[in-house]
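Below is one structure, written out as structure tokens, with a few remarks after it.
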């Protein structure tokens, strides 16, 4: 894959290892972490060195290959048993992002169906991981361009709002929600992006704003509780967010706070779009009520650096995601086009590999 200096690539295979942009250090430090072992990849996913559902999927695919590379046996049955343990390790890291499980499942399926020696299986797994990487980049570019077809026709230059980071950092490159933003900017349809800071980990402030600055896209950062006010003031023409898991009926799990933004958008008659690849759709879930919601360490809420923000004796609740009901979503923008949430099931066959 040829890398462009204009875009960010958070997951790169280089010299026999995976190079990850350390997203926990942005925007102050732009550094890479080299991953050589599956255990290290699992830790990187868990600690959010790499994050964003599609990027997690790509990282997990490479993690499966790294795990396969570590298995020292020529016996096919023993190899597959050990590879299943690698799959379980990676699958235990982030419960909400369905792309993680999609990538692991695809890699396991390839391993079981590949004929030949264990070394043949390992080589095929590597090729599959690289294919998943390239496919996601192409998918994001298609999502971005498909988003142009459903954005409001007027005004000519739009002000969009996004929540969290569904950009190049959250994918193989280009982004889903920010893919739409990038395409709108490229075509002269974007005036400005408003970015929610996205408490408690501040992905909007640290990551989305950083991406926009790198490419010269005008961006205004607001706190999460300013979104409804900005809508009331007529500052927002449409909302575009990403997704970590979408149920068959269109209910969408995304970063905590997305549901609040969707409610505000509905109240102000502002279109609310979800941009995500079909690999993010979990057709086995009829609706969003069964989507597992990750709960993270409460230190994300009460501590910034070495500073404690709250008094002792306070209890904390820190869900990482919420579920936006399908009826609040104007359209879901996929690589196969933009569709109403209720029509999502019609694309199920196109998701199959």
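Glycine is no exception: its Cβ is also placed from the backbone N, Cα and C atoms.
Around the Cβ of residue 51 (substrate binding site), a 10 Å sphere holds 26 further Cβ atoms from the protein chains shown. Sequence annotations record features per position, and here Swiss-Prot assigns substrate binding site to 51, 52, 53, 94, 203, 254, 255 based on sequence analysis.
If you look up Swiss-Prot, you'll see 164 marked as site 'Transition state stabilizer'. Secondary structure at residue 164 (site 'Transition state stabilizer'), as computed by DSSP, is coil.
Taken from Swiss-Prot, the feature active site, proton donor applies to 244, supported by sequence analysis. If you take the C-beta of residue 244 (active site, proton donor) and look for same-chain residues 6 or more apart in sequence within under 8 angstroms, you find 53, 96, 97, 98, 99, 253, 254, 255, 280, 321.
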>> I'd like the number of other C-beta atoms within 10 A of the C-beta of residue 52 (substrate binding site), please.
In response: 31
>> What is the set of residues, excluding 51, 52, 53, 94, 203, 254, 255, whose C-beta falls within 8 angstroms of the centroid of the C-beta atoms at the substrate site?
In response: 56, 97, 164, 165, 166, 170, 242, 244, 320, 321
> Same-chain residues six or more away whose CB lies under 8 A from the CB of residue 203 (substrate binding site)?
Replying inline: 51, 164, 165, 255
> So, in DSSP terms, is residue 203 (substrate binding site) helix, strand, or coil?
Replying inline: helix
>> Restricting to the chain of residue 94 (substrate binding site) and a gap of 6 or more, list residues whose Cβ falls under 8 Å of its Cβ, or answer none.
In response: 45, 46, 56, 100, 294
